[in-house]
């Protein structure tokens, strides 16, 4: 900011009084001749006044003419530290035909200035106060005086201040000339205030829209600086009859300005805890600024002034040096940022020169328009920094776009190449399954178990990375619909009860019959990650899955009695590769699961809550919208169709089986091999494949047998083909009745799994394949499907 605030008091601006008022040699002064009405006549001049004579304690303005020392002159620099009041004697002669004149006194640091006018019609006193008919203009106060043409008058102007006051510009001018001069000053002063306020409001608006604190601190510091400038302007006199004394509120305003400027600089330069010693430098300056405010409260005016001079010098030194460091290491817009502080540097240099150089005697006090031009210096400062902010935002946005592009490209690459990356893991699993029958020695079995465990860990981590990559790349889309939590909880219970049993944990699911609006696959994946995490970090006790109503939502909760998560870790536990610092030893995983959970919750708009106590356990809560009765009623009549996986190398046009299934069942996903089917993240109830794909020799017979434990498996093959246990044979041509029977059976098997029951032997056709082929067996076994 331009013209440092504290430099506006005492010895810190060239317009402040600081010289002694010792009497000068007897020079005398001549009366002022008023010969024109379009000229401002300065009265604070050694040529036409006595200078400022000190007023003793027992002297009164009413008797000032009796105290005047004949032709004695004094300095034009009153020292208010030595004397509280001064009188300036002058004589004027009106040689014009105008009788209406205005006497003006600049600046507002004086307490109730007065003037005694002694003329042919006697003696009168006027006070430069708004409540005494004085006119308040931009840089001072004025009173109307009547001077008869051709008459001479003696005047005594009284100025009173506490310790210090501004250089007093005193002028006499005609009323018409005063009105023109006043209008010119208002035309420069008032628009400047409007421009600054407009830019401040724009800064606050940018802060609200862009959520960038730099705009807030820039606008706030500019507003505080404006308040400082207006503090010694005409506005406080106009609105509050302010006495312009430098009380505690004034010094608080200066300290707030220092701290706001420091905050703006730190925010612009992105100074934070990771900035090294620059962070400590900025914090130190802030602490010093607060100490200056506290200490200054108990010190004298002169001590306060020097304290704040030091404070501001330290402030701009730190701001400029840190800006130079940024220019050297980063962008050019930091140079513009530094240039925006140039008015402060020039103002400080002006003060240093004023303090160090010897003072020259003043022969005449000229008008000072500092109250006006400092506002335009502030506008220049704000505009320069606005340009720097625009460039900064542009550069940061470009960096953000580049980072997002790189991240999305990486995520897309991983998501699209998941098949190639997963294939080695799948091959490793096949080799392990093939090797298992040959591992018989007691020494080899632990090693083989370790290989299996390592493979499972690699597969889980890879799956989590794939999920996260797909989420970040935007590949996954949520398909929201009414879903019964009973079905979801049942599947999770079947899958995780054995995992919990291996760790001797109690795994319980509280029955829940509520229906929610969600994506069933993504919700189940999210809950699987939470359950896996709970079991992983729980060594004893229990893991519980349940739900409860909460207003219009359903709170699905996963509770564990594990190690818990500290308050510090809770703030970033959902970040990728983040794990709780509590008892991590011996816990497998890379810290990706909870990041996937967070992404899934955002994708489905299911807010997450976390409550955890170290040593007691954690509760993860997902808030899912509850389905309305109308939605539930719509979903009830429609029977859920089984999800079908089709293994074939035929095109969609040539695949009659896939065409019929797609027409009558809808949910059909094609795969080109058992490997790609296994790698899929989708859930299926029915698998129908062609023989050349289903009988892939890279799969062991044991692995093929286990397929029937998870799915209804049907193979389109020649009659008499030997199939793994549990597979159903379909010989060409496959009839629609056979496909309908398979769909019905897959649906009944799915429902029985939900209800924890087993289909009756009459319904279970898996493994009952006749040597005559499925063409004669299936219609007889599932005769109700012929229709």
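Every residue, even glycine, has its Cβ placed from backbone N, Cα and C.
It is 334-359, from the ranges 152-177, 334-359, 412-437, that TrEMBL records as transmembrane segment.
Of the given residue ranges 77-97, 98-118, 119-139, 371-391, TrEMBL assigns the label transmembrane segment to 371-391. Within the set 27-43, 44-60, 214-230, 231-247, the record from TrEMBL flags 214-230 under the feature transmembrane segment. With pairs at least 6 apart in sequence, the transmembrane segment (276-299) and the transmembrane segment (214-230) have fewer than 3 Cβ pairs within the 8 Å limit; the two do not touch. The transmembrane segment (305-327) and the transmembrane segment (187-207) are not in contact, since fewer than 3 Cβ pairs between them lie under 8 Å (pairs 6 or more apart in sequence).
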